[in-house]
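Visitor: Below you will find the structure I want to go over with you.
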Amino acid sequence: MRRAHTVEQVRTAEEAAFAVTPDGALMQRAAAGLATALADLLGHVYGARVLLVVGAGNNGGDTLHAGARLARRGAAVDCVLLSPDRTHHGGLAALRAAGGRVVQTPGPSYDVAVDGIVGIGGSGPLRPEAAALVGSLSHLTWVAVDTPSGVGVDGGLVDGPHVAADLTVTFGTHKPVHLVDPGARACGVVHLVDLGLDLPPAPVEALQEHDVAALLPQPAPAAHKYTRGVVGVRAGSADYRGAGVLSVSGAACGLAGMVRFVPAGSLEEAAPVIALVQAAHPEAVVGTGRVQAWVVGSGGGDSSAEQLRAALADDVPVVVDADALSVLEECGGVAGRPAVLTPHAGELARMTGVPREEVEADQLGSARRAAARFGCVVMLKSRHTVVAHPDGRVRVTTVGPPWLATAGAGDVLGGLVGALLAAGLSAYDAASVGSWVHGAAAALARPEGPVSAAEVARAIPELCARLLREGP
Ligand SMILES: NC(=O)C1=CN([C@@H]2O[C@H](COP(=O)(O)OP(=O)(O)OC[C@H]3O[C@@H](n4cnc5c(N)ncnc54)[C@H](OP(=O)(O)O)[C@@H]3O)[C@@H](O)[C@H]2O)[C@@H](O)CC1
Ligand SMILES: Nc1ncnc2c1ncn2[C@@H]1O[C@H](COP(=O)(O)OP(=O)(O)O)[C@@H](O)[C@H]1O
Ligand SMILES: [K+]
């Protein structure tokens, strides 16, 4: 599990660590890790040209000590001090002693620029002087120390000038900004340097491959299809026939024992949709019956409210997707049952009456507020999908190529999450495992190129088999 802690949690853990470690030891651990990561990035240290941009706090201290380590190994290290009167004394002395230079303006070229302007002590966007300097150096490769300066650490918010890093070297633990967009986009690749901190449970996590393998439902030796769980899909309509097929294809990935497909309207009206579903998935059973979870909404159109009411009449977990999201409140909400809502930013904006840009600007907060308001798990789908539990916990999915942003991918995901619910996972696990499997299946189907929603669905069984082979 990748765990992200808040600034307050990190501060508390650091205090405890300071009490039992020699003065400056933690900063030296951070600086050593940072210097190693910089050396790896540069490929060679001797003769490398390094620019440090240093602010007033300990983030600058880490940066100066790392710069000193590189200078001792033969790098040419220049340093711009943004608050010359308040620079970390020990760090600056170490850099000077190692041959590093303080410069008023940066030279013409560097192999890397190191952002030591501000770390977890920061608030708000970069101030004008720092913003002007960073803006003038945007062509350089940037390494952010702990966090990219100007980006909100706890919320991942970006609302003004900030450092856009190629690599972020963080210390002790991840922070939410490293996982949650839009802040995560400013981090680039994230590298964690362990400081041996004693940390509490993390409010924000990202499942890793072995976590997903441990959570995947597996059939008991004597399982039959009903003990493995039946997932019911109420999706598709005359206008959106394909949505029914794609929802079923996600549900029929093999993680549940059986799929029931229930189209809207009479069997006669639904005949074209049924024909498509049966052609693609002859194993799906058409018609109502007992299920352990419902998936409702994709391509439902005008039938969404009727379909959602019918699903909610059964006292089983439910995935509310696409068109059903906009009729959730008129249908009385999910009423205490395990449930997953699967909006993208536009859908969540409509559900909550907030402009889409505001949802996109605060993905962590938006998903959390929606989970609290609707009283169930909310999966805000995006590049880094945020799965929020009503109690405030969050799991972020960081796998999944941008090629996954393709029509119908969401239908497959809804079906997949429904299968996991039917197999017995909690709503929180089903949503976070489903989102991870979905992203990883897209990468498996076509590692570096375009992928269709149907191909994502087809790759799910092989992806799961690989996870189970590797084991937790
Ligand atoms: N202590 C240790 O041994 C260890 C420390 N560690 C390291 O310490 C870091 C935390 O250090 P910290 O607490 O000193 O705060 P820090 O992030 O440097 O910033 C404070 C300064 O930034 C300024 N500032 C604020 N906002 C700004 C903005 N928008 N734009 C520009 N400037 C802004 C603000 O200035 P002021 O408001 O006072 O003018 C203030 O002086 C942590 O991230 C990690 O790197 C770890 O390695 C573990 C070991
Ligand atoms: N830039 C991106 N990188 C990776 N995955 C993405 C990106 N944008 C969207 N996705 C994923 O693609 C899927 C799109 O689903 P959705 O928006 O419901 O589309 P549709 O309604 O057409 O099926 C979601 O799983 C989402 O997380
Ligand atoms: K920084």
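One is the number of the first residue shown, and numbering goes on along the chain from there.
Every residue gets a Cβ built from N, Cα and C, even glycine.
Straight from TrEMBL, here's the annotation block:
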type    : residues                                     : note
BINDING : 58-62, 119-125, D146, A243, G299, H344, D411 : (6S)-NADPHX binding site
BINDING : N59, D115, S149                              : K(+) binding site
BINDING : K381, S382, R383, H384, T385, G410           : AMP binding site
DOMAIN  : 10-203                                       : domain 'YjeF N-terminal'
DOMAIN  : 208-467                                      : domain 'YjeF C-terminal'
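Are these features on the surface or tucked inside, and what are their neighbours?
Guide: The Cβ of N58 ((6S)-NADPHX binding site) has 21 neighbouring Cβ atoms from other residues within 10 Å, across all protein chains displayed.
Secondary structure at D115 (K(+) binding site), as computed by DSSP, is strand.
DSSP assigns R383 (AMP binding site) to coil, not to a helix or a strand.
Per-residue pLDDT, averaged along the domain 'YjeF C-terminal' (208-467), amounts to 96 for this model.
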Visitor: Given the binding-site residues N59, G61, S123, H384, return the subset with CB under 6 A from an atom of ligand 2, ordered by sequence, or none if empty.
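Guide: Correct list: empty, so none.
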Visitor: Quick check: of the binding-site residues listed here (K381, T385, G410), which one has the Cα closest to that of N59 (K(+) binding site)?
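Guide: Going through K381, T385, G410 one by one, the closest to N59 (K(+) binding site) is T385.
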Visitor: Anything from the binding-site residues N59, D115, S382, R383, H384 with its Cβ under 6 A from ligand 1? List those in sequence order.
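Guide: The binding-site residues passing the 6 Å Cβ test are N59.
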Visitor: Considering only the binding-site residues N59, D115, S149, S382, which possess a Cβ situated under 6 angstroms from at least one atom of ligand 3?
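Guide: Only N59, D115, S149 qualify.
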Visitor: Going by DSSP, is G410 (AMP binding site) part of a helix, a strand, or coil?
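Guide: Assignment for G410 (AMP binding site) reads helix.
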